[in-house]
Amino acid sequence: MSTPSLSGGAGAFSGFTRLCKGLAVVLIGGHIVVQFLPQAVNYLALIPARTIPFVWNLLTAGYIEQSVYGVVVSILGLLFIGKLLEPVWGSREFLKFIFVVNFLTSICTFITAIALYYITMNENYLYLPLSGFHGVLSGFLVGIKQIIPDQELPLLKIKSKWLPSLSLLLSIAISFWTAQSATYLPILIFGTYLSWIYLRYWQRKPETKLKGDPSDDFAFSTFFPEFLRPVIDPVASIFHRMLCGRFDTSSESQGYTLGGTTLPGSDPIEASRRRERGARALEERLAAERLGAAQGTEESGRDATESV
């Protein structure tokens, strides 16, 4: 099997899934609403001081882009990354991932804003409208890290497993030179971490009837350079026991091991199979796009010949 590529030539601009197109329409619609009705931001964006009683903004904030730049980036990321992830996860799981990551990111952002207000007594944290799809986009990068970690990006010459880390590092660096960092940085950080939590512990695997991806290649420390992992692993294990103790109990009761034998889905072999499925789905989609582009070229040439 040839190594799949993240570049698909002319075919890269086709093959977008119906679900991703529908979600893109939702993002465009949300942007249009807040542009023509600016007051709608007070009801749809996450404004911590107004979340109670307007609790629905925990759900709606993630689909409201307040700037043209934001909506363009979100739609491009959704269409191009979505057509890689959705065939591997399935449409239902893909939509569930978006909903869960968006909702939990909003909750964590809300709690952080309230905490910062009580620490600093700065009311800006309470009334700053927070919204955007970038928390889910950062989660998509974590999904890419999971299914095709060793795929090399054609232009940057780096492996895709580093995309989430580089995205966060760049965002943190930019935050030192912009006053608007408070509107996007918490969403990016929580989106990345919570998407990893979801994929690591909660995502259901129909083929194994187990949850998550406990492989070492997807451990939290893999987001950091090799030399930092001996420091990160002990800290990560503490938070693992604090936050995921119930998951460990559930996993043991379901039987990740049975008589010393590792069950499918809980060892490196299953993780390797998952990556192979992701690479195979990517390769099949790229092959279909190349075939469609070739057929289109042939038809154009035939039409030109007939016209002559």
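For all residues, glycine too, the Cβ spot is worked out from N, Cα and C.
Taken from TrEMBL as is:
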- 255-264: compositional bias 'Polar residues' (COMPBIAS)
- 270-288: compositional bias 'Basic and acidic residues' (COMPBIAS)
- 299-308: compositional bias 'Basic and acidic residues' (COMPBIAS)
- 255-308: region 'Disordered' (REGION)
- 23-47: transmembrane segment (TRANSMEM)
- 67-85: transmembrane segment (TRANSMEM)
- 97-119: transmembrane segment (TRANSMEM)
- 125-148: transmembrane segment (TRANSMEM)
- 184-202: transmembrane segment (TRANSMEM)
Range from 23-47, 97-119, 184-202 with most C-beta pairs under 8 A to the transmembrane segment (125-148): 184-202
Distant-in-sequence neighbours of the transmembrane segment (23-47), which means Cβ under 8 A and at least six residues beyond its ends: 54, 57-58, 60-61, 63-66, 68, 70-71, 74-75, 78-79, 82, 98, 106, 109-110, 126-131, 133
